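**Student:** Not my notes, these are from Swiss-Prot:
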- ASP154: active site, charge relay system (ACT_SITE)
- HIS193: active site, charge relay system (ACT_SITE)
- SER347: active site, charge relay system (ACT_SITE)
- 405-415: compositional bias 'Gly residues' (COMPBIAS)
- 127-400: domain 'Peptidase S8' (DOMAIN)
- 386-425: region 'Disordered' (REGION)
- 1-27: signal peptide (SIGNAL)
Amino acid sequence: MAGTPNFDRRSFLRLAAAAGLTGMAGVTSATPGRSPGPKKDEILVGVTSTADSPRKAVADAVPGNAEIVHENETLSYAAVKFPSKAPKQARENFISAITKRDEVKYAEKNATHEALYTANDPKYGSQYAPQQVNADSAWDTTLGSSSVKIAVVDQGVKYDHPDLSSQFGSNKGRDFVDNDGDPYPDLLSDEYHGTHVAGIAAGTTDNNEGIGGISNSTLLSGRALSESGSGSTSDIADAIEWAADQGADVINLSLGGGGYSSTMKNAVSYATQQGSLVVAAAGNDGRQSVSYPAAYSECVAVSALDPDETLASYSNYGSEIDLAAPGTNVLSCWTTSTEYNEISGTSMATPVVSGVAGLALAVHNLSPADLRNHLKNTAVDIGLSSTKQGSGRVDAANAVTTDPGDGGGGGGGGSKETTYDGTLSSSSDSNCVSHSWNYSSPSQVVIDLSGPSSADFDLYATEGSGTCPTTRSYDYRSWSYDSTEQIVIDNPDTSADLGILVDSYSGSGSYTVTITEKE
């Protein structure tokens, strides 16, 4: 965010490397009959904000046997579909040709995603996740607030479940798989993941029914995965954009894996700019590699713990991890007659963090960046390395009872802001800034870029080397479809000046870089 957006405390799934909506702001209609679920024959083309529209920007480059089947004007991309029998080289040739255009920022395959995995509630005694994060102590202060919205981008949610029905308002959500206004699961026997996730985050607590969720927040369901547990990058990105536009304070992404996607990056960047905290699962491969989208700097990356607070054997880990939470054998809502079930995964740890975020927002009015910092500052060190626990195990009681101005356990809570103004005269023009640190050991630095809406400026940073980044050599990068960018660095290396590059991908004009160091 270039500057904190105005707001009023509004209120995993595995990615395979294979890689519509109507009547919503910024999204034009998809081609009628576009198949739901995986879209392996599609290429997503991202364009600059200066293009008339994504469709117009790429139309004359589309081969005769292909067609534009979808566009999202807010995220500035179009989906181009090739015949299923078209040779792989045809798609590769298209990507090579289209990315040479000045108005095109990227072209990538439309990836396929697959699902991974003292209150009076009768089953509360069979739970351990709320107790492990001290939710019961937090509930002495607040059970949560209906003014806080948590969006679950996942499979559909069984919103008439007895532990979920009161958490949904008149707007239940939207189905991005079938392209309609009802996010209810198509096949209850197979489509349980979203319901389980929703129950962990915000199943109704203290209602003499079933389990206790972490926070009594309002739920929104963005159905972007079908009953088969798979979905496309475009459907998930559109659902993230929609959730942000609906005023979601927290967007839960119990999905991820695979590689970097510019379309998904733009979606989580947009959501953050709109005032949403995006919480994502680290991945279930049991290796040192945090999956996307959790690895994006905008997302809170969550690893999974066993009941004894050791890292779960399946949980991914790495330097991008922000927080850890219980994820093994977590009891929550189910879609069949049993109504409740235990499953494991970073998918289950993620909504624990989302629920704690909901509790914190019921008490504290925080921006996404400040909420993220607050959750990390109030986390409990459980003795794991930072690559496994991040700042620690999320703690609901600390998040609710600690004044954000106190900085929790992570410093004095103060901050210092420095601004740098500049002008870029044309495309490919760039300026470098060398920033001297105000604090010797800040807990976090946030770099915001605000530039002209008619241009497309990108932001790069290096730490610990004292060198200026380039568009090819950098430690951090934020590049979306406009000139509003943000980089967040936790516990930055202050042994040398911070290097910052502002680069014009297209257009010209004045900009401001704001650097906020937090104690």
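All positions are counted from 1 along the displayed chain.
Each Cβ is built from the backbone N, Cα and C atoms, and glycine gets one as well.
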**Student:** Tell me, how many other CB atoms lie within 10 A of the CB of HIS193 (active site, charge relay system), whichever protein chain they belong to?
**Tutor:** 29
**Student:** What is the interatomic distance between the Cα atoms of ASP154 (active site, charge relay system) and SER347 (active site, charge relay system), given in whole Å?
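**Tutor:** ASP154 (active site, charge relay system) and SER347 (active site, charge relay system) have their Cα atoms 10 Å apart.
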**Student:** Reported as an integer number of Å, what is the Cα distance between SER347 (active site, charge relay system) and HIS193 (active site, charge relay system)?
**Tutor:** 9
**Student:** According to DSSP, how is the region 'Disordered' (386-425) divided among helix, strand and coil residues?
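**Tutor:** Breakdown, helix to coil: 13 helix, 11 strand, 16 coil.
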**Student:** Please state whether DSSP places ASP154 (active site, charge relay system) in a helix, a strand or coil.
**Tutor:** strand
**Student:** For HIS193 (active site, charge relay system), which of the three DSSP-derived states applies: helix, strand, or coil?
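**Tutor:** HIS193 (active site, charge relay system) sits in a helix per DSSP.
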**Student:** Express the predicted model's confidence over the domain 'Peptidase S8' (127-400) as a mean pLDDT, rounded to an integer.
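**Tutor:** In the predicted model, the domain 'Peptidase S8' (127-400) has a mean pLDDT of 94.
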**Student:** According to DSSP, which of helix, strand or coil covers SER347 (active site, charge relay system)?
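**Tutor:** SS state of SER347 (active site, charge relay system) = helix.
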